[in-house]
Amino acid sequence: FVRSTKHGVHRGMSSVTIPPPACMLRPLEVPFRYLFGPGPSNVPPRILAAGGRPIIGHMHSEMFGIMNDIKKGIQYAFQTSNNMTLAMSGSGHTAMECAVFNIVEPGESVLVAINGIWGERVAEIAERMGAKVHTLFKTPGGHFTNAEIEQALAKHKPVLFFLTHGESSAGLVHPMDGVGDICHKYNCLLLVDSVASLGAAPLLMDQQNIDILYTGSQKALNAPPGTAPVSFSERACHKMFNRKTKPVSYLLDMTHLSNYWGNDGKPERIYHHTGPVSGFFALRESLAILAEMGLENSWSHHTEIAEYLWKGLEDLGLKLFIKDKDLRLPSVTTIAIPEGYDWKELLAYIMKHHRIEFTGGLGPSVGMVLRIGLMGYNCNKANAAMALAALEDALKQCRKSKA
């Protein structure tokens, strides 16, 4: 406000009417938990330390060097030589929206395979931006044959086909061989979600002719949530950069993001947005850990621990939701809810008495499954044994209905 006195004009702040909240005058408290759900997973000390390094400017040359490292790390993790490879400033949903918003124009046809929550999300995103959305549908745990996919492509003639590689809501890893070839036969681009599967189950972007692939930082990569690797093939780039209309999102516009990541061939990077500097530090370190371990070692290790967990669950008399062992997602195991038990009570007991997070289903799989995730840093026999012991205890202690 402005106040006039005989000594002149005084400018000051108006009286503060909202007091400091009591909660903000107390120190931050965060409990320790074993995150054995579908993600986020526990972050190893090395990655936590990387995220705690001093901040540098998002446009500093050293930051661009770290971003270049991230790009190379993603190319290795995805097994791609695509130049248009980067990490989104946001969770996996950011990469999901980036792919749809940049590839598809209003009125164009999109085909979405729905066998869990992630297909549902992509269908809604595409619908919101004005695409004509067609769906292939299976109940949770179902997968699509190449013949079913080809029939739908021939019928709907979409510009984009979406398929989830690691459907974490159902615990299913989808076969990928041949799908990219079929899409290209019908002049369609293939978009794949590998948020729950990257680093845990084999996936080869270039060899399997995947046009757009994305993942999240917080699953088998073990970085904090908030960054999302994504890569676009040359075919995808041709479609993306020859649009008649601008993408609906400025923040996710690949014309700008390709420059920010040094992928557009221009000599200078121009400010677009402030990237999550600490998040990029952590992501860089997580990709370095994967490179040191080796992709094939990571895949086989996740399979070995998953098989140990599956046997232990069956020894407890529990039924695995995905019957076909080859279709089970190694990183997220789904268990059919044992008859007579309240699944929410089981989860609450395990959290209270063992400090372990398991989760129920998600989206269409709610009320059908319990989910146990052992990914990256969490993926070892000691943690699998701890998870089994906690579940065995809960099955003994929780009420079982007589119905």
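Any Cβ shown, glycine's included, is placed from N, Cα and C.
In TrEMBL, annotation is done automatically, which means it is predicted and not curated.
The domain 'Aminotransferase class V' annotation in TrEMBL covers 34-379. Taking the domain 'Aminotransferase class V' (34-379) as a whole, pLDDT averages 97 in the prediction.
All protein chains shown were included, and the count of other CB atoms within 10 Å of the CB of Lys219 (N6-(pyridoxal phosphate)lysine) stands at 28. According to TrEMBL, the feature N6-(pyridoxal phosphate)lysine maps to Lys219.
Taken from TrEMBL, the feature substrate binding site applies to Arg371.
Contacts of Arg371 (substrate binding site) defined by a Cβ separation under 8 A and a same-chain sequence distance of 6+ are given as Gly37, Pro38, Ser168, Gly171, Val332, Thr333, Thr334, Ile335, Phe358, Thr359, Gly360, Gly361, Leu362, in order along the sequence.
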